[in-house]
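Student: Structure incoming, see below.
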Amino acid sequence: MSFDDSDVPEPRMPYAAPGLPYPRILVKVSGEALMGPEPFGLHPPTVAAIARDLVAARALGCEVAVVVGGGNILRGARVAGEDLDRATADHMGMLATVMNGLALEQAIEKAGAPARTLSAVPMPTVCEPYARQPALRHLRRGRIVLLAGGTGNPYFTTDTGAVLRAAELDCDAVLKATNVDGVYTADPKTDPSATRYDRLTHDQALAYDLKVMDAAAFALAREAALPIIVFSIREPGAIVRAATGSGRVTVVAP
Ligand code: UDP
């Protein structure tokens, strides 16, 4: 089944600005980032601000894919227990990411750019099922592609999904949006002696057991030689700065 109307090959980056360090980016937006100051769910002004930032990155000439998390609604590992097995809980978590994807899709379209949600858990009456070729075509046509449903499998996270999609969609970097301005030796919120890294290798990130992404995500990024740019999404314009290689970030790269 195809959701696209053409199989004519198109050149990459038809409207690219020259000199971009990462012409095709994959932005990982956690569910918590969409929650803003709320304790749960979506905070529409925050969703709108993130959408504007994604649209600004596209306006620079970046092709923009986004993997959305679901932690603002449900995390499988947290709700699994005696009454709910882990695989079912994770399926519920994946559905949460689709809700977030749809919210972000609409906010992006309101901000003036075309967007498509593609879900790894097929639900064709709601959004397109994920497949690599249609996703690539959307990117080449300047659509912001929201990749929901994580990897489509339980026991994974959307961080691993982000690296997986970045690798298969030939993205130049994963932009990992967090609440802090990079990777620290310890949690800077609880440990005042924590210091920040400007640059790390994937091996170091794994060896130091840094919690910014799970080990499966770092291991896959190492395998694919994919740079991961860790930055704070709290400031407006943060995605554009990370995409252009400026701003306060930690770069995890080979
Ligand atoms: N999930 C899953 N497989 C995946 C990605 C996500 O089962 O490939 C489920 C899992 O239960 C997870 C939830 O979806 O807790 C929400 O994703 P995640 O915790 O990664 O969201 P984030 O922390 O980015 O908001």
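Cβ from N, Cα, C; glycine included.
What TrEMBL records for this protein is below:
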type: DOMAIN; residues: 24-232; note: domain 'Aspartate/glutamate/uridylate kinase'
type: BINDING; residues: K28, V29, S30, G31, G71, R75, T178, N179, Y184, D187; note: ATP binding site
type: BINDING; residues: G70, D90, T151, G152, N153, P154, Y155, F156, T157, T158; note: UMP binding site
Student: Which binding-site residues from the list K28, S30, T151, T178, Y184 come close to ligand 1, meaning a Cβ under 6 Å from one of its atoms?
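Tutor: Near the molecule: S30, T151.
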Student: For K28 (ATP binding site), which of the three DSSP-derived states applies: helix, strand, or coil?
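Tutor: The residue in question, K28 (ATP binding site), is strand (DSSP, three-state).
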Student: Around the UMP site recorded as G70, D90, T151, G152, N153, P154, Y155, F156, T157, T158, what other same-chain residues have a C-beta within 8 angstroms of the site's C-beta center?
Tutor: G76, G93, M94, G150, T160, G161
Student: Mean pLDDT, the domain 'Aspartate/glutamate/uridylate kinase' (24-232)?
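Tutor: On average, pLDDT over the domain 'Aspartate/glutamate/uridylate kinase' (24-232) sits at 97.
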Student: Work through the binding-site residues one by one (S30, T157, T178) and point out the residue whose CB has the fewest other CB atoms within 10 angstroms.
Tutor: T178
Student: For a quick check of understanding: among the binding-site residues T151, N153, which residue's Cβ has the most other Cβ atoms within 10 Å?
Tutor: T151
Student: Between Y155, Y184, which of the binding-site residues has the fewest other CB atoms within 10 angstroms in the structure shown?
Tutor: Y155
Student: Using DSSP and collapsing to three states, where does T178 (ATP binding site) fall: helix, strand or coil?
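Tutor: The three-state answer is strand.
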Student: Between S30 (ATP binding site) and G70 (UMP binding site), what is the CA-CA distance rounded to a whole number of Å?
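Tutor: Rounded to the nearest whole number, the Cα-Cα distance is 7 Å.
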Student: Please work out the number of neighbouring Cβ atoms within 10 Å of the Cβ of K28 (ATP binding site), leaving out its own Cβ.
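Tutor: A 10 Å sphere around the Cβ of K28 (ATP binding site) contains 28 other Cβ atoms.
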Student: Would you mind ranking the binding-site residues G70, G71 by how many other Cβ atoms sit within 10 Å of each Cβ and giving me the lowest?
Tutor: G71
Student: Which of the three DSSP states, helix, strand or coil, fits T151 (UMP binding site)?
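Tutor: Coil, per DSSP.
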Student: Among residues K28, V29, S30, G31, G71, R75, T178, N179, Y184, D187 annotated as binding ATP, what is the maximum Cα-Cα distance? Answer in Å.
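Tutor: About 24 Å separates the two most distant Cα atoms.
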Student: Give the distance between the Cα atoms of N153 (UMP binding site) and Y184 (ATP binding site), rounded to the nearest whole Å.
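Tutor: With the alpha carbons as reference points, the distance is 30 Å.
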